[in-house]
Amino acid sequence: MNNIVIVGLQWGDEGKGKIVDYLSENADTVVRFQGGNNAGHTIVVDDEVYKLNLLPSAVLRTGKISIIGNGVALDPYALISEIESLRVKGMDINPNNLMVSESCPLILSVHKEKEKLFEDLNGNHKIGTTNKGIGPCYEDKVGRRAIRLCDLENADELNKRLDTLLNYHNAIRKGLSYRVIKKEEMLREIEEIAEKIIPYRKPVWKILNDFVKEGKKIIFEGAQGTFLDIDHGTYPFVTSSNTIASQVMTGSGLSSNAYVIGVAKAYTTRVGNGPFPTEQRNEVGNSLFTIGKELGTVSNRKRRCGWFDAVLVRQAVQLSGVSSIILTKLDVLDSFDKIKICTGYQYSGKIYDYLPASRSIQEELEPIYEEFPGWKENTQGEKLAEKLPVNLIKYVKRVEELIGIPIHLISAGPKREDVIKLKDFKFSESVLVSY
C-alpha cells in the first residue's frame, strides 16, 4: 500500500511528527490535510530540535515534497515565518518542494481578534483555544465568506470577497461595541503577504492524483488527535476540524484508499480544558509531566497527564479504521513502580466500554484500571526489541489486546532514530526505515 495516513489516537501530542519523519525517509510526499498552526510537531535530528506548526514533517528531509491540503486553515504570515526560520537553519524550502492548495482558506487578523474576543466573553466557560484564529477561519469557510489563497491573484474577486467578509465581521464587532475594520486595512494586510505566498499555490488535488498514478508513496500527516475531532471528540472542548482518517479525502482531494496508522502515547495527555477520565492530579501526573517534558509545542501550556486509556484509544481506532499502532514515549514510564491501564468506565452504576457523547457524563466517569508492575530499567535510545525489559513487553502486549490491533513500532526517546520495530507492517516494506 503506497498511501499511509498517520492519525493521533488521543488528544494530540502523541508524537506523530516524529513518526512521520521516521517513515518519510522512503516516502515521496507528506501531506497535511486539516488543522492549522495550532498544532505543533517536535522532531529531533542530530540533537537539533525542530518545532513545526504548519509545515509537513517531510521538510526536514531532502528530496521530499511537502503539501498543504485544502482542509488546512492557512495563516500566510505564520507559514512564511516558519519557512524563513527553517531556511536560517539551512533547509531549502521552495515552490518545487512545498505546495499549498489554492483552495486553502486564509487566517487573517480579523479571525484572531474574533477568537480572543469570544474566549474573553466566555469567562469561566472558555474552551481553551490557542487564539490562532483557526475556529473563526473555519466558520467563514463554512459560511461561504472566507478569503482563499486562489483569491489573492484577482483584485476584483478579492474586493468582492472582502466586502462579504467584512459585512459579517463588522456587524458582530458593532454589536459588541468593538472597532470596525476598514477594507483598506485588510487589503494592506493581504498585499503585504500575497507576493510571498502566491508562488506556493497549486492545484493540490490534481497533483496528488497524478502522484498516485505514478506510484509515488504518500504519507498523510494528521494534526491534533481523535478526541479533538469536531464531531467525535469531547465536545465542546475540541478543535474546529475533523481529525480522523476520513478527513484525508476532503482535506486533500485524493479519493484513493490508504493504510491508516494510529499513534498513541504510552500514557495520556491533553492541553486545555475538557473531560479527561484518567487524569492524575497527583504525584503520578506530576512525574509524567516532568519526565515527559509535557509542555505544548505551540501554546507552551502545561499538558495534563494521566494513565493510558485503552477505551479511548480503541474507540479512536474504530473511528479512523486504524490497521496498525505506534506506541510512543515508553521511556517516560521507566521509573514507575506500578503502571495502570484504563479498561472501562463506571457511571451511575453502569459500566461503559466506550466514551459517551454527553459532556456531563464524560466529566463524571470513574476509570476502571488494571495494574502492572513497572520495568524499572532505562530504555531511552534502545534500538533492539529483544533487549527490552520483560515487563515492558507485557505492558505493550496487554495494550495490544485491549485495543484489538497490532502494535508494530514503539518509541523510547525523542530522537529520529529512537524507534523499535516489533512486527513487520503488512504494506510494502519499502515504506519502512531500518536503523
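Backbone N, Cα and C define each Cβ position, glycine as well.
Database features, via Swiss-Prot:
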- 12-18, 40-42, Arg303, 329-331, 411-413: GTP binding site (BINDING)
- Asp13: active site, proton acceptor (ACT_SITE)
- Asp13, Glu14, Gly15, Lys16, Asn38, Ala39, Gly40, His41, Thr130, Arg144, Gln224, Thr239, Arg301: IMP binding site (BINDING)
- Asp13, Gly40: Mg(2+) binding site (BINDING)
- His41: active site, proton donor (ACT_SITE)
- Thr297, Val298, Ser299, Asn300, Arg301, Lys302, Arg303: substrate binding site (BINDING)
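Candidates Gly40, Thr130, Arg301 (binding-site residues) were compared with Gly12 (GTP binding site); those inside 10 Å Cα-Cα are Gly40. For Asp13 (active site, proton acceptor), other Cβ atoms within 10 Å of its Cβ number 28. Thr42 (GTP binding site) carries a strand DSSP state (E or B). In this structure the C-alpha atoms belonging to Asn38 (IMP binding site) and Asn300 (substrate binding site) are separated by 11 Å.
Calculated from their C-alpha atoms, the gap between Asn300 (substrate binding site) and Thr130 (IMP binding site) amounts to 10 Å. Sequence-distant neighbours of Lys302 (substrate binding site) (same chain, 6+ apart, CB under 8 A from its CB) are Phe289, Glu294, Leu295, Gly296. If you measure from the Cα atom of Thr130 (IMP binding site) to that of Thr42 (GTP binding site), you get 17 Å. Cα-Cα distance from Arg301 (IMP binding site) to Gly15 (GTP binding site): 17 Å (rounded to the nearest whole number). Measuring Cα to Cα from Asp13 (active site, proton acceptor), the binding-site residues that fall within 10 Å are Thr42, out of Thr42, Leu330, Ala412. Checked against Gly40 (IMP binding site), the binding-site residues Gly15, Arg303, Leu330, Ala412 differ in C-alpha distance, with Gly15 being the nearest. Between the CA atoms of Leu330 (GTP binding site) and Gln224 (IMP binding site) there is a gap of 20 Å. Cα of Ala412 (GTP binding site) to Cα of Gln224 (IMP binding site): a span of 21 Å. A gap of 19 Å separates the Cα atoms of Arg303 (substrate binding site) and Lys18 (GTP binding site).
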